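Participant: I'd like to ask you about the structure that follows.
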Amino acid sequence: MFSWMGRQAGGRERAGGADAVQTVTGGLRSLYLRKVLPLEEAYRFHEFHSPALEDADFENKPMILLVGQYSTGKTTFIRYLLEQDFPGMRIGPEPTTDSFIAVMYGETEGSTPGNALVVDPKKPFRKLSRFGNAFLNRFMCSQLPNQVLKSISVIDSPGILSGEKQRISRGYDFCQVLQWFAERVDRIILLFDAHKLDISDEFSEAIKAFRGQDDKIRVVLNKADQVDTQQLMRVYGALMWSLGKVINTPEVLRVYIGSFWAQPLQNTDNRRLFEAEAQDLFRDIQSLPQKAAVRKLNDLIKRARLAKVHAYIISYLKKEMPSVFGKENKKRELISRLPEIYIQLQREYQISAGDFPEVKAMQEQLENYDFTKFHSLKPKLIEAVDNMLSNKISPLMNLISQEETSTPTQLVQGGAFDGTTEGPFNQGYGEGAKEGADEEEWVVAKDKPVYDELFYTLSPINGKISGVNAKKEMVTSKLPNSVLGKIWKLADCDCDGMLDEEEFALAKHLIKIKLDGYELPSSLPPHLVPPSHRKSLPKAD
């Protein structure tokens, strides 16, 4: 479907002009190079916000960034997904991972140090060289032949400690590095330890570095088997309260609760919850290859909007600067007035406040620049980006839909993702409507004597009870009529508007399934069909 799935990006263009492209990846790259990049270069966007995008940024596989305090289980989580050790992996209760490790697919197992990694044009890490040797000495790529890594890559980050000394001693701007990765990954997973929940100051700053990437963030409350149900409720509440103070978004973040390692659960009270949460998280990760093109398109749109706003800010500062005297005083005045300038530009160009960069960070950066060397506003560059946003995005969305339709669904496979897809350990196997699927005896038979007693109190005529009498008993379940109507439709196998004793027992069994919290089947599974109705049941078309 996309270039990183084996199909060549770019390719031949269709007839219809330079804007017609053959692949989504080629279209995104072309739009960026022709429409957005000239605007970025004219107003020093790369110095203020983010380095220029390269081919590898458009062609790389979906990436997941793991962030958390030390010993929350980040490296163990990767080991759990891959079901395999990887080069550079260190696990322990003390702070172990002191480097950023990009875990990627490779035909042979090995590792590449950061300085060599940032000169490889095939890897999307070349722009990390701007963080210097202090960072590059703490960055490596771990490659291994693993089925999971054929579809995704994972970035393991150093465990975050509390304290100012640890932050300073890194030798590089940790939050800036996280922000760089956040702009390029498909999913950001924040890991918390349910047994020792804490959000340090540096972790808070790290989370704030993800501003504008809220849609990518997922939260994992790990090691939840180490606390009982009552404690887990308190921990979950405390986590949501703490996150609410750090992440400024009205939407509630999705939190996955579980124990993500291949060891026995210490507390099995919530086993069913943990399994359901793990499957939800797996489905979210498995969907990343399908959504990668949409994510890249969304990131390009966000980048283009920010580049436009940046151009308005820089050109305004240039326009306000005097030509001869008082330049430094005017510069200080403009920097202090930046919040007012933001409001003025919002009104003048009808731009949302959410498109503007953070005021404080922008003020700090502007201190280092000579405003007289900024460029005045170039309307043609702005018009090119506006034209892209208005007219060029829609065809790409259509192309994404076409590629998804023409190409089989690609899901992440291998590792932990294969452990619950087949056999009795598949989620929901032998539960709810699936109970008794591999048994010879009719599963309803074990409770049928109880149901028969009820049946004969409902005045059966010729071995059947009417819909009116059946309703009197079924409504005692307090289920809504819409659900009871579906149960009636499933239980009335011969569609005669009445229930015999087996059909009534089936209806009571389906009610029990629903009351236990399981979903009803859309059609009656063969193993639930009453024995006396199995030959007469009409075959599905």
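Using N, Cα and C of the backbone, Cβ positions are placed for all residues, glycine too.
As annotated in Swiss-Prot:
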BINDING   D492, D494, D496, M498, E503  Ca(2+) binding site
DOMAIN    58-289  domain 'Dynamin-type G'
DOMAIN    447-535  domain 'EH'
DOMAIN    479-514  domain 'EF-hand'
MOD_RES   M1  N-acetylmethionine
MOD_RES   S162  phosphoserine
MOD_RES   Y451  phosphotyrosine
MOD_RES   S459  phosphoserine
REGION    68-75  region 'G1 motif'
REGION    156-159  region 'G3 motif'
REGION    222-225  region 'G4 motif'
Participant: In terms of Cβ proximity under 8 Å, which residues at least six beyond the ends of the region 'G4 motif' (222-225) contact it?
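Facilitator: 72-73, 77, 191-195, 232, 235, 257-260, 265-268, 270, 274.
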Participant: Just to verify a number: CA distance, the residue listed as 'phosphotyrosine' to D494 (Ca(2+) binding site), in angstrom, no decimals.
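Facilitator: So the alpha carbons of the residue listed as 'phosphotyrosine' and D494 (Ca(2+) binding site) sit roughly 19 Å from each other.
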Participant: Provide, as an integer number of angstrom, the distance between the C-alpha atoms of M498 (Ca(2+) binding site) and S459 (phosphoserine).
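Facilitator: Here the two Cα atoms lie 12 Å apart.
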Participant: Within 10 Å of each Cβ, count the other Cβ atoms, then let me know which of the binding-site residues D492, D494, D496, E503 comes out lowest.
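Facilitator: Output over binding-site residues D492, D494, D496, E503: least Cβ neighbours within 10 Å is D496.
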Participant: Quick one: average pLDDT across the domain 'EF-hand' (479-514), no decimals.
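Facilitator: Value for the domain 'EF-hand' (479-514), mean pLDDT as a whole number: 94.
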Participant: Taking the Cα atoms as reference points, how far is S459 (phosphoserine) from E503 (Ca(2+) binding site) in Å?
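Facilitator: E503 (Ca(2+) binding site) has its Cα 15 Å from the Cα of S459 (phosphoserine).
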Participant: Tally the residues of the domain 'EH' (447-535) by DSSP class, grouping H, G and I as helix, E and B as strand, and everything else as coil.
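Facilitator: With helix first, then strand, then coil, the domain 'EH' (447-535) has 52 helix, 7 strand, 30 coil.
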Participant: Which residue counts does DSSP give the region 'G1 motif' (68-75) for helix, strand and coil?
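Facilitator: Once the DSSP states are binned, the region 'G1 motif' (68-75) shows 2 helix, 2 strand, 4 coil.
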Participant: So how many of the residues in the region 'G4 motif' (222-225) end up helix, strand or coil by DSSP?
Facilitator: 2 helix, 1 strand, 1 coil
